[in-house]
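Student: Please see the structure below; I have some questions.
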Amino acid sequence: MAYEKESISVTNLSKIFHTTSGEITALQDISLSIGEGEFFCIVGPSGCGKTTLLRILAGLDSSSGGTISLKTTNVDRPINSMVFQEQSIFPWMTVIDNVSYGLRMRNIPKKERYEIANHYIEMIGLSKFTHAYPSQLSGGMKQRVSVARAFANDPEILLMDEPFGALDEQNRILLQHELLRIWEEARKTTVFITHSIDEALCLGDRIMVMSANPGMIKTIITNDLPRPRKISEIRTSLQYNQLFQSIWQILRDEVTNSKANSSTEEKSNY
Amino acid sequence: MIKQDYSSLLIRILSILSPLSILILWEVMARVHIIDTRLLSSPSLILHAFIPLLLSGELLYNTAVSVQRVLWGFLAGSAPGIVLGIGMGLSPLIRSAFEPMIAATYPIPKLALMPLILLVFGLGETSKIFTIAIGVFYLVVINTMAGVLSIDKIYLDVAQNFGANRKNFYLTVALPGALPMIFAGLKLGMGMALILIVAAELSAAKAGVGWMIWRAYDMFAIEQMFIALITLSFLGYLFSLLLDALENWVLPWKKQV
């Protein structure tokens, strides 16, 4: 799929962590280009630096080298909003105050931001819980609020860091469905990190596979499963299985390699 | 289920019955002269002394004087305690500037500072308010700092990612995140304030519940002393009720946990 405009451009990005036991190269020579309105997935073994890459894109971490540029089409809109992996909605705010948090930070009047928030609360099916506190919500509901908070902020780019990783299977499928539905309506540029090949295939337009130690781009695969997608249908398609196999082959080598490496490292320590 | 109801009823009965039986035992032992009523009085004698003290307005006046000192001292200690505690929690610079000083002076019994405070502030109200304030301040500042430091780092990331400026960060993350611990500090501080008011009214006071206790000592008016002690206990209970109510109002999200 070709994109008319580029939304994210990363060139030769690297990230080195300085620890007491020496330098660790978390990211090395990352260059990629993500189109406007693209759903871009990143998969890779744990420790491949995918979260670090996302945090640098979000401006929460600095890079050690290289450049990133995030295009803005409208100066009034925030550049990015992130959906975090762990529980991240404020326990001291009601659902509606959590969802409208980004709008409040941008000084949008209460009436207006509540209207916008209500729209997204309805979309995630939590209208009954509009004025409830997070302590009254289940884990899946909290993550829904986190997704709604990012969408309500109407950013240029959505950054999602394994947002459904901590959920049970049923909740995960439900939320993937909802995310697809909301995304297909809004068509926002989305960078989505996951460790699940299945999740990447269900959601992404392209899937970037990363290797660990150091975190590098292994390959980028175009996922042309037709949209709008129904998760239950695409899973049984031949195309899905072929893509799954090709990604799994790359990842399997990666995981076994990194395991072999780490076990020799362990041995050399003794 | 039935067993549970039974035991909760028993608990309620016991919690009323046991103090009541002690009062009765006290009264009986006083009547049969097992205990010396000149030293330990008796519930009926205390009640006798209580009524004129209440009707004359003397008790209320002294209570009001003490309450005023406690409240001013409490405010004067907790407000800077909260502000500095948040600053110390958020900024390593502020923390390293103040923490050693606070850690070094915290163990000094605040009563030991009374003579110095009297020399500096004189015999008036200021010295009493200051004594209470300093005791409250330490407990509030330490708890507030711990509260801010215990805020999960993820909330700081969220605030940054959603573009919170400094003011909004304080109002939407630092303060609400630290509030449960701030309240823990305020409750400890209130207990400390009641301890210190009695000591502060020992020297150079002309009114107050603490002063009543010391005057009762001088005049050997045991009943008045007991009445003042009961008043202090009642004040402590009332203040903790008020703080609980305030906490429920300010922290509605904690209540439902």
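The backbone N, Cα and C atoms fix where each Cβ goes, glycine too.
Where the annotation comes from TrEMBL, it is an automatic prediction and has not been curated.
Per TrEMBL, the feature transmembrane segment maps to B:6-25, B:45-64, B:70-90, B:102-123, B:129-149, B:226-243. The annotation domain 'ABC transmembrane type-1' is assigned in TrEMBL to B:59-247.
Locate each feature and note its surroundings.
Tutor: Beyond the ends of the transmembrane segment (B:6-25), by six or more residues, the same chain brings 43 to within a C-beta distance below 8 angstroms of the stretch.
A Cβ distance under 8 Å defines the sequence-distant neighbours of the transmembrane segment (B:45-64), meaning residues of its chain 6+ beyond its ends; these are 30, 37, 207-209, 211-212, 221, 223-224, 226-228, 230-231, 235.
Sequence-distant contacts of the transmembrane segment (B:129-149) (same chain, at least 6 residues past either end, Cβ-Cβ under 8 Å): 69-70, 72-74, 76-78, 80-82, 84-86, 88-90, 95, 99, 102, 105-106, 110, 113-114, 117, 121, 174, 177-182, 184-186, 188-190, 192-193, 195-197, 199-200.
Below 8 angstroms of C-beta separation, residues 41, 46, 49-50, 53, 59, 62-63, 66-67, 70, 183, 186-187, 190-191, 194, 198, 209-210, 212-213, 216 of the same chain, each at least six residues beyond the ends of the transmembrane segment (B:226-243), sit close to that stretch.
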